[in-house]
Amino acid sequence: MVLIGNHNQFVDSLCAFVVKGHWGDLSKVKNVSALTSSTIHQVLLQLSLYGYGLSYSFPFFKWLDSIPHYSHSLQCSWAMIHILTEHKHFKTAQHMLEKIAHKDFLSSPSVLTTLVRTHDNQEVNSQVLSWLVIHYAKSKMTQDAIQVFEQMRLHEVKPHLHACTVLLNSLLKDGVTHMVWKIYKKMVQVGVVPNTYIYNCLFHACSKAGDVERAEQLLNEMDVKGLLPDIFTYNTLISLYCKKGMHYEALSIQNRMEREGINLDIVSYNSLIYRFCKEGRMREAMRMFSEIKNATPNHVTYTTLIDGYCKTNELEEALKMREMMEAKGLYPGVVTFNSILRKLCQDGRIRDANKLLNEMSERKIQADNITCNTLINAYCKIGDLKSALKFKNKLLEAGLKPDPFTYKALIHGFCKTNELERAKELMFSMLDAGFTPSYCTYSWIVDGYNKKDNMDSVLALPDEFLSRGLCLDVSVYRALIRRSCKVERVECAERLFNHMEGKGISGESVIYTSLAYAYWKAGNVRAASSMLEEMARRRLMITVKLYRCFSTSDAHENKVSQFFWNHVVDRGLMSRNTMYKIQQKLI
């Protein structure tokens, strides 16, 4: 029977029982409540301090689990993790850390501060906290990983390179590239020396942002530091240059790789081929394809070439490429079929498109949104709304959901067939689905009602939005007013403007400019000037982009337009220098 006297003596007694292996005596502790978190923590520390190692502390830690209603405190678990790490039992320590990572809110700054201060072994702290960063980053808990990283920096605990790489990759996957640079800067501040893997993360961030200048700076940095770029580095650079249409620079990277004895892989070739195809330069794309060595063309290679030929109106070449692809044992997937399908529909070959769709079905290739939308759009263009709706139902039956393109195609189709109420209902369905109609969508509806001389239906639209519980903001008024002005229904635009102001919604540059220009064309100079004065009062400027929306090729209208834009410049709504540059086509 173990009696409890002085606390320190009790801790010493427990240590003695553990070291001597007297588990029977240890299990007879008279008062189990005396085995507090603090006591156990002290025992673990004392066993570690006197160099008894894991052969004593870990069996004791596991024995405690057998006590009814007992659970390890965070303090004790953390101490055990540290002891395991000190003795190089990394897998066990890591597993234990991951078990407590979520339930004990380890990412909390206050919790981490307390835990880090209980153990002054910086090497072990670095190892354990680096594992924690990795665990949170891989668990898609990026914010928690950042918090742990921040606490390491504040406590001057240097993170491991692997932890930094995993965190940066996690930020890239989340699309928060601005945070990549912030974390990188802080890494360097705490003494982390970046390696090729870290630089590859930075190149990836440059590629996502299209930042060529920064990528080139990084490459120079690596050269200065004597770090050798790898295939991933070069592939990212080739992809970035190709995205920006910088062929010479992309080919320069290819030459550099060859000089350094690094073979291009299929990812490198695919990037180069893709850029040529995108620009319709199929001869260069095929030359690059013929030059592939030490790599095997894959689905992406052939699909890129097939799509390129379809876009340059060379369907027969695309079909030959498909035959070549299948001869190599590579069978087209939905992306490949979609490229050919799109071209057939563009050429009005709907029957052939349906044959291709049947072939997809026979091969058990599941159609996707692009497949269905391509056929919906094709049928809408020829006015066969019945078949278009049939494909919409097929899309739903396949478990897919209509996207903005689906709605846009159907709305356009119904507007073409003058079924404006159905077009309008689809527009409201689109809004209910959480999609925002574009200016084109509103334009088709306004144009349709204009042809029917029924602008009252356009005027009723804002109130219909409200009656359906939909958000009525400035974007809706902007589209309706702008299009009403374009079709010279100035009175309708004016009434929409008054309705908007009555709802407490303020107009912006597009609305005021549209009305001012429409008034000017109608010969109502006073009303146009009033609109421009209000713009000046509210400091609403006319941008180059906005100016281009009103540019026209009509000679008579150009004369009227020129007077209007001179008036705009006189009002200070656009600088004379900007106007001059536009006229000289300098911007």
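Cβ atoms are placed via backbone N, Cα and C, with glycine included.
Positions annotated as domain 'PROP1-like PPR' by TrEMBL: 129-284.
TrEMBL lists 125-159 (among others) with the feature repeat 'PPR'. If one looks beyond the repeat 'PPR' (125-159) by at least 6 residues along the same chain, the residues whose Cβ comes under 8 Å of a Cβ in the stretch are 81-82, 85, 90, 93-94, 97-98, 101, 106-109, 112-113, 116, 119, 166-167, 169-171, 174, 176, 179, 183, 186-187, 189-192.
Remark: secondary structure over the repeat 'PPR' (160-194) totals 26 helix, 0 strand, 9 coil, with classes taken from DSSP. What TrEMBL records for 160-194 (among others) is repeat 'PPR'.
The annotation repeat 'PPR' is assigned in TrEMBL to 195-229 (among others). When the repeat 'PPR' (195-229) is classified with DSSP, helix, strand and coil residues number 28 helix, 0 strand, 7 coil.
Sequence annotations record features per position, and here TrEMBL assigns repeat 'PPR' to 230-264 (among others). With helix defined as DSSP H, G or I and strand as E or B, the repeat 'PPR' (230-264) counts 26 helix, 0 strand, 9 coil.
According to TrEMBL, the feature repeat 'PPR' maps to 265-295 (among others). With DSSP states grouped into helix (H, G, I), strand (E, B) and coil, the repeat 'PPR' (265-295) comes out at 22 helix, 0 strand, 9 coil.
Feature annotation from TrEMBL assigns repeat 'PPR' to 298-332 (among others). For the repeat 'PPR' (298-332), same-chain residues at least 6 beyond its ends with a Cβ under 8 Å from one of its own Cβ atoms are 266, 269-270, 273-274, 276-278, 280, 282, 285-286, 289, 292, 339-340, 342-344, 347, 363, 365.
Sequence-distant contacts of the repeat 'PPR' (333-367) (same chain, six or more residues past either end, CB-CB distance under 8 Å): 299, 302-303, 306-307, 310-311, 313, 315, 318-319, 322, 325, 374-375, 377-379, 382, 394-395, 398. According to TrEMBL, the repeat 'PPR' annotation covers 333-367 (among others).
Averaged across the repeat 'PPR' (368-402), the predicted model reaches a pLDDT of 92. The repeat 'PPR' annotation in TrEMBL covers 368-402 (among others).
Summarising the annotation, TrEMBL assigns repeat 'PPR' to 403-437 (among others).
Under DSSP, residues within the repeat 'PPR' (473-507) fall into helix, strand and coil as 26 helix, 0 strand, 9 coil. The annotation repeat 'PPR' is assigned in TrEMBL to 473-507 (among others).
Residues annotated as repeat 'PPR' in TrEMBL: 508-542 (among others).
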